[in-house]
Structures are given as structure tokens and as C-alpha cells.
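Remarks on the structure that follows.
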Amino acid sequence: MEPRNQTSTSEFILLGLSEKSDQETLLFALFLCMYVITAVGNLLIILAISSDSHLHTPMYFFLANLSLVDFCLATNTVPKMLVNIQTRSKSISYPCCLTQMYFFHFFGIMDSVLIAVMAYDRFVAICHPLHYTSIMSPRLCGLLAAGPWMFSCFISLTHILLMARLVFCGNNEIPHYFCDLTPLLRLSCTDTMVNKIFVLIVAGMVIATPFICILASYTRIIVAIMKVPSANGRKKAFSTCSSHLSVVALFYGTTIGVYLCPSSVRTAIKEKASAVMYTVVTPMLNPFIYSLRNRDLKAALRKLVNRKISSSS
């Protein structure tokens, strides 16, 4: 009988985005800049929303949660990659690999569910404006924010427990820049059928289901907007949704390609490119997408920056 509770591999080798050493300096500079922009942008969004009482509404409450999750998602993967490039060491211990995988799935699931929650918030605001305050009560907002945290914790922990039962032997090279689930399953020398079935179930719950709910919400939203008699009213309503739709397209377009497409059409290069999109590019762009088209948020950011400048002078 094969051993189930131990692994013959004590560490893995993260091959990174490129195996060519002459490209690593460029990758280091590029991803360092992207991470700094991601961290500063998302933390500024959180500070601006928390410091401005005018932004203490459900929409901005969920946006602050999304910014926190985006910051944590990028922090879970990018700094380790930068350290590996800088030190020329690509190894990661087995416990650290599982830990990184846990938080990657935790914050990735949070991202997906929060984007769907924000779509529901826009649906209520546009389709039921007179009842918005009563429907989106502080209690419901708390449940819609806390629920995904608990759900994500449970799903991510189950992933890790299922992964811990596998045995890894022989090849320990992961063709990725972080410990992702799919590349690790390929390295196992034991049966991974249970893990693969659970991946499909989870992908259906946290990717396909929220995406379908978002499409349903925006179908109703578009129908409601088209009934607005005023052209300015329609433009304003579309403006409040366009930012969120951009995030939906970026996030779900890449995650569906990685977790729901047949394995026969996936390659290591495509998986890495998609992972860069939803772990680095999307968290970096979100602050710009939401702030550039939002006058209230831009005003709050200006107040925050001016306050910091005046206090330091």
C-alpha cells in the first residue's frame, strides 16, 4: 500500500516565468514596479474610503474589501518570485509551498465572490433604488462580506488537506512562479482523481456560479437602464457599472481559461500568462479602473494626499 501521510519531496523548484537568466533582470524590474503600484494603489483606496465618511456606503465598503484582497493576493505570490530572482534560488520548501497555495486559493476565491457581491449591490442600486437602503442594510453587508471569508477559508483548507495526502517523488520542478494547484497535481506519483474532481466542483462554485450570477444581474441592470427616459440618467447608470464590468472581464476571462478549460488545450505558458493576469495585472489595474471613473473616490484620494502633504510640511 502506498504511503499517504508523507512525502519523499522536501522542497520544490519554482522555474519561474522564464528559464533564461538574461531575462530575469528585466522581469525583476517589471514585477517590482507592478507590485509597488499594486500595493500603493490598493492601500490608498482603503485609506481613502475609511477616512471619508461620504464613502461609508455598501458599494465602497465592498470596494475596500476587494482592494484588501487584491493587495494580499499579489503579496502572496510576487515577493517570493522577486526574492527567487534576486537570490538565484528557486527552491521552496514543501510546507511553504502548501502555505502559499492555501493563501492563493483563499484570496482568489475571495476575489471571485466579492466581485459577484458587488454586482448584486449594483443590481439593487439600479433596479430597486427606492428600497436600496433597506435591502443593503449594515447587517446584510456584514453577512455578504464575512460569508465569503469563511467560505474561502473552508474551501482552501480542504484543498490543502487533499493535497497533503499525496506523495511526490522524482521530478520536483514546478513550471510556474508560485505553487499553484494544477502544476503540483501533475508532479504527484499517486492517484489525484479526488483532487481533480474537487477542483472541478470548486471551480463550478466559485468561478462559474458567480459569473452566471453577474451576467444575470447585469442583464436585469441593462434592461432597467434602457427604460430610463433621460439620456443623462442612462449615461450615469452605465458609468457606475462600466468599472465593475471591466474588472469582471479581466478576472473571469483569465480564471475560466485556467480552471474550466479542458486540460488538452492548456499549456504551462498559457497557465503562467493567465496567472499573471489575475494575480498581478488585475490587482494592479483595479484601483485605476475604480478611481479614474469615480468622482467621489477621486475627491477622497485628493483629500487624503493633501492631508498627508500638509501634515508632513
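Placed from the backbone N, Cα and C atoms, the Cβ positions cover glycine too.
Automatic, uncurated: that is what TrEMBL annotation is.
Residues annotated as domain 'G-protein coupled receptors family 1 profile' in TrEMBL: 41-290.
The transmembrane segment feature in TrEMBL is assigned to 26-49 (among others).
Annotated transmembrane segment per TrEMBL: 61-82 (among others), in sequence order.
Taken from TrEMBL, the feature transmembrane segment covers 102-120 (among others).
Same-chain residues lying 6+ beyond the ends of the transmembrane segment (140-162) with a Cβ under 8 Å from its Cβ atoms: 58, 61-62, 65, 98, 101-103, 105-107, 109-110, 113-114, 117, 120, 181, 194-195, 198, 202, 205-206. Annotation comment: TrEMBL describes 140-162 (among others) as transmembrane segment.
Per TrEMBL, transmembrane segment is recorded for 197-216 (among others).
TrEMBL lists 237-260 (among others) with the feature transmembrane segment.
The transmembrane segment feature in TrEMBL is assigned to 275-292 (among others).
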Request  = Across the whole of the domain 'G-protein coupled receptors family 1 profile' (41-290), what does the mean pLDDT come to? Round it, please.
outcome  = 86
